[in-house]
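Chemist: Structure in structure tokens, see below.
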Amino acid sequence: MTPTRSSSSRWARLRTAALSTLLLSSTFTQAFYLPGVAPAEYKDMDAVPLMVNALTPGSDSELKSVIPYDYYDPMFNFCQPEGGPRAQPESLGSILFGDRIWDSAFKINMRAPDKCRELCKREVTPAQAQFINARIKENYVTNWLIDGLPVGHLRGSRSKDQEKQLYSIGFPLGVDAGNEAPWFNNHYEIEIDYHHNLQKDTLRVVGITVDPISVLEAVEDTESCGTKTGERMPPMILSEKATTLVTYTYTVKWNEVPTAWATRWDKYLLVGEPRIHWFSLVNSIIIVLFLTGMVAMVLLRALHKDISRYNQQEAQEDFQEDFGWKLVHGDIFRTPSYPMLLSIIVGNGSQMFLMASVTILFAALGFLSPSNRGSLATVMIVFYMFFGVVAGFISARLYKMFGGEAWKANVIGTAFLFPAVIFGSFVALNFFLIGAKSSGAVPFGTMVGLIALWFLVSTPLSVLGSYLGFQRPKIENPVRANQIPRQIPDQVFYLRPIPSMLIGGILPFGAIFIELYFILNSIWFHKIYYVFGFLFMVFGILIMTCAEVTILMCYFHLCAEDYHWWWRAFFTSGASAVYIFLYSVMYYFTTLHIKSFTSVVLYFGWTMIMSIMFFVLSGAIGFFSTFAFVRKIYGSIKID
């Protein structure tokens, strides 16, 4: 049927209104955050420490590796401060994400410009040169921090309008000259923006950029070391056949800007092409809401009709045989196969769901400031540990409802099965990082700390939850199960287990695939992800689609006299994780240019871990939605 002009115009008005509403809230959804820490106040000539962090693959070009390296790795042979570098304190999440922060040899003083200051001279051996040149060809960037703010380089040219100036984190280690030898950046043009706080008459750092330059010989006592004299200076090329003497130099320039300290992160958090992002998300949300609205309407109307017809049938004198989903009322609550395993993964899925929900809510409200490095990962781990009590409680309640008697095995399985799979995979991938001598390898002490959190916090809480769950009375179902199972007729193709699960997983994936692209970009290209307003809305859509699609597929199966719904409810919504993994595979072949074996293993290993975690999370949503639906409809009809 061809749509009329009025229906088309209504659709256009609906889409325009939704887009306008979301654009008005773009400030909240894109970069709303609390400053998080107190500002550092400086006076003229006060020392401004420059910290160095791990080197990572570039964020503005092709990604050819996923392995970070320590700044003071002997193969880089960078300048070190007197007495050796000192590690800076870091949070658990910061360490897990590969941050390795040290002090540096740079001497910077507030509002004190420097012209061509020599940092040090280093001899680079052929082996080191080969290593550095390989990293340059893989587009690695150098990461520094000043006053907790990452040093960046400008996206495009410098603009007079500070509000429109955007930064990318880090700056190139060198320049890939194609067929020629790479150029190594050994001179740094440091430009620091500061804000003058008139109330306290103090100065605050609000922005840092570095323009790295490759120069064979610096001209001392000249601005920019003679690199901007109009003539092209010979670049610094590291020889892979002989030792190369490298002179590191830097200049410092100070700019007073009106940018307030509380908004200094905006340059890093603004999303490129926000209108395209919004437009795609709005269309996705409207389509998903439209489809789920139709699903809910059809389902509710059909169910209301069925329940009324079944109940009216009881009042008729002429007996009529049951039909439809009422036929399987004697088998609908029959204990599923592997009841212990089902109760365990549903409990762990509930734990994951609550952890994700609370973390996203806190982030959307702005409590996870980007200035607190690793705060997102730290909060996720803390919430996961404390919600272990929920996993134990739900697992015990379900297992008791299924009539299970091996309660000790259930308690142990809930506390250790799923965490052991994730932690074991994490440890295995960590060995690959150790083999690559990467700074991303989690230190032994941090690993012991994670194990301590698992055994001393999560496990006791899980056991406590199991105890509370087994102490509660057994959940009574509205219909008793018959002793003899009913034979299930042959099912049409799309209602068979695997096809129906794959069909059910498409819609939840469709609700999140746009945001998934930005999340993958943030993870692998080392960009700051801070559009938690988008993520909060998408997560809400995900919950609705998982619930409604799973309920709809369950209804179709029951009408076809297939009462094996327990496991299918979990797998139908959980199947969206399959599409996430396949999308990640497509992302690998279309966006990334990774070639090394270690990087490939790390990429697909972490992708598999994320897919498994999403599988149990979305599966738990589908399971509880279908469980409530089945109890509701069979509790609404009269059964002899």
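Placement of Cβ uses the backbone N, Cα and C atoms for every residue, glycine included.
TrEMBL labels come from automatic prediction, so no person has curated them.
Not my notes, these are from TrEMBL:
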SIGNAL    1-31  signal peptide
TRANSMEM  278-300  transmembrane segment
TRANSMEM  341-368  transmembrane segment
TRANSMEM  374-399  transmembrane segment
TRANSMEM  411-435  transmembrane segment
TRANSMEM  447-470  transmembrane segment
TRANSMEM  501-524  transmembrane segment
TRANSMEM  530-558  transmembrane segment
TRANSMEM  565-589  transmembrane segment
TRANSMEM  601-630  transmembrane segment
Chemist: Do any residues, 6 or more residues outside the transmembrane segment (447-470), come within under 8 Å Cβ-to-Cβ of it, and if so which ones?
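Modeler: Hits for the transmembrane segment (447-470): 92, 381, 384-386, 388-397, 400, 407, 410-411, 414-416, 419, 423, 427, 430.
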Chemist: State the non-local partners of the transmembrane segment (601-630) in its own chain: residues 6+ outside its ends, Cβ under 8 Å from one of its Cβ atoms.
Modeler: 66-67, 332-333, 345-346, 348-350, 352-353, 356, 418, 421-422, 425-426, 428-429, 432-433, 504, 508, 524, 542-543, 546-551, 554-555, 558, 565-566, 569-574, 576-578, 580-581, 584-585, 588, 592, 594
Chemist: Looking at the stretches 374-399, 530-558, 565-589, which one shares the most CB pairs under 8 Å with the transmembrane segment (411-435)?
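Modeler: Top-ranked stretch among 374-399, 530-558, 565-589: 374-399.
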Chemist: When you check the transmembrane segment (501-524) against the transmembrane segment (565-589), do you get at least 3 Cβ pairs under 8 Å, counting only pairs 6 or more apart in sequence?
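Modeler: Contact criterion met.
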Chemist: Should anything in the same chain at least six residues away from the transmembrane segment (341-368) have a Cβ under 8 Å from its Cβ atoms, list it; otherwise answer none.
Modeler: 32-34, 375-376, 379-380, 383-384, 387-388, 390-396, 398-399, 402, 404, 410, 413-414, 417-419, 532-533, 535-536, 539, 566-567, 570, 613, 616-621, 623-624
Chemist: What same-chain residues lie close to the transmembrane segment (374-399): Cβ under 8 Å, and 6 or more beyond its ends?
Modeler: 36, 90-97, 99, 339-340, 342-344, 346-348, 350-352, 354-356, 358-359, 362-363, 368, 407, 410-411, 413-415, 450, 453-454, 457-459, 461-470, 472, 475
